[in-house]
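A short write-up of the structure that comes next.
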Amino acid sequence: MAPGISYDESGSLASYFGVTFLAIILIPWTLSSTKSEKKKLLKPLCPCPQCTSSPRRVHSIKSTKRKRKFLKKTIPLVIGWTIFAYLCYSLSQAPRLEGETIYNPFEILGLSDSTNEKQIKKHYKKLSLQYHPDKIKLAENQTKEDAEQKFVELTKAYKSLTDEVTRENLAKYGNPDGPQQREDKIAIPQWVVEGKNSIWVLGAYGLVLGGGIPWAVGRWWFAQRKLTRDGILNPTAELFFHQLRDDTDFFSLISLLASALEFGAVLGFKKRGSKKARKERQSKIDELEKVIEARKAEIGLEENALMRRENRINVTTAVAKRARALLWAHLLRIDLNDHQLESEKLAVLRVTPPLLSALLNISLAHNWLTTSLLVIKLQPALVQALPTDLSPLAQLPDVTPEQGQELQIINKAEGLRWLEKWIKTEKKSVSEQAVNVAKYWPRLEIIDAEFKVGDETLVTPSSIVELTYKARYVYPTTPLSLLSKPKSLLPNGQLKEEVADSVADVEDSVTQVAEEKEKPAVDDIKEKIVEKVEEVTKEIGEKKALEVPPNGFAHAPYWPQLRKPHFYVLLGDSKLDKVIVPPVKITDIPLPKPDGSPTEPKEFTLQFQAPPQANLYSFVAHWRSDTFLGSDVQVPIMLKVEDIPQEEEIEDDDDDDISEPEEDTLAGQMAMMRGGKVKPSAVHGTPDDDDDSEEEYESSSDEETPAKNKRVRAYNEDSDTDSD
């Protein structure tokens, strides 16, 4: 051991370290575990009783899971605080170390800090007579050395108050004897290293460092390698990658989703138990599959005949069959009448979101447009418990799929505004609750979609393009006069200019232009500046006021969680069935005002790289909901990619001409000797300058192409001047 360093024999420093370390961990952990969740709860988008009671329903579903989490948090906390209390108790009972207390001579002599020197001397004389080793009477269990030590302490304290040298040492070094040798103690008790338990201690160190840490790191590493970026198992991702096809239909997509290995953790434990119990569970699934097939026939659901037979997906394992049956029972709204099956169905639904996200990413990796849109559409189908081919009217309360199909046919509730068409008709066959929900059913409205390339006016090849659009929600009861009117668009989203209807309109526009050309007065300029400042201030205030509050949760009574609506935005080419720009998700779209009138739209952007070749491209912009069926919006939009204009090339040619020296200069003579190009003299010119200028003048007057005229005038500017 180095001089000035020693082990802490009492072990109090190690206890101090343990208390500090545990306090840093336990206090924040306890606060985070015990504090009430004060999150901003989402409000329902519709006032129906099912939506208002959804938070309580979701809370009851998660109650068992929360109890398990509470136990997992509570047990370690109790153990940690127990160790913390034990260390605090041991510190209170441990003796104080040297240097922990400040040397106070008044306290040793038994005097107050305000005692003067005369009183100190008088008091010291009394103590010296009392504690002098030659005059003191030793008490029981007291030795002569103890008495001498006591007298030395009293004398040192007395000198600290009366002797100037000793007093100076106390003031400078905190000790009347002057500077002391510093001794640092290691916060490890001496018995840990030098005692009889050294073998056990070293064995524990070796077990932790050589076994515990590698085991923890290895477990974390292999757990991470099991999962993909989407949070699913690698075997599941491999299965999805090999079986997903460009012609996969809805039936095969459900079978592929049910084949995920994640369902084994939810349903695989059912393999345990007696043979009789397993047979009973299997018989329930067999009966459920028969009910599902009969229900499909009633509704008229059939597989897509265009899908190749070899691409159809069949489930093979018992867990996959069980998961598929539960998914179809949810989609067809079949009452299971079994608590165990109901709990399993909810557990299966909670597993599906990351699986659907992985399916979408795999489809996007192949740029399959139809398959990607189908995977996106499966999400609202599971949320609303309704197959994609059925009428979206069945999303309303108390409306069955059969009734929804009938209402759609009778009321011709089709297209983008299917709900507006239905809500205008008589609704005697549905409940009042369904009508109230329909009134507050949000529909996405897209306004002013256009392409932009920064401050440029043209979209050039491989440039970074932004699809800028404005979006807002409207209700079916919103008047048509308040909705945005469709505008005829040119390529890149530019508006088509309106043509004057009469000669009077042309005269008015000419008069307006002439008035604008007149020189304005100073007062008018000041007024315009003030108006401009007010406009800018108003725009800034409107932008601040346009801060959109977060959207609430949607009407989804069959989904086991609160569902906040989002929209996928992507660009696709329907002719090639290719995804041009991968989707991004948007949310918090402005909702209508309480009176139903629409609010100001919110602007969104979708950034991507333009195609590398100049052409006119025809795309379709898709807005696909992940919560509502029948709320999808698609807008055909053209992207015109143009090459860089030729004027820039002309300017480059002019720069090259300027760089050539004139023939009269020294540089020009040297260039002519080397055989290089030179510019003709501006003074002497060439013999054919006049003829060339006349010919070029005549040819320029005959040309009709503006680009050629500009090129000729730029090249012969000096010649024209000379000829004049």
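Glycine residues also receive a Cβ, built from the backbone N, Cα and C atoms like all the rest.
Within the set 278-305, 474-501, 502-529, the record from TrEMBL flags 278-305 under the feature coiled coil. Highest Cβ contact count with the transmembrane segment (74-92) among the listed stretches 13-31, 199-222, 250-269 falls to 13-31 (criterion: pairs under 8 Å). Residues in the domain 'J' (104-174) partition by DSSP class (helix H, G, I; strand E, B; coil) as 49 helix, 0 strand, 22 coil.
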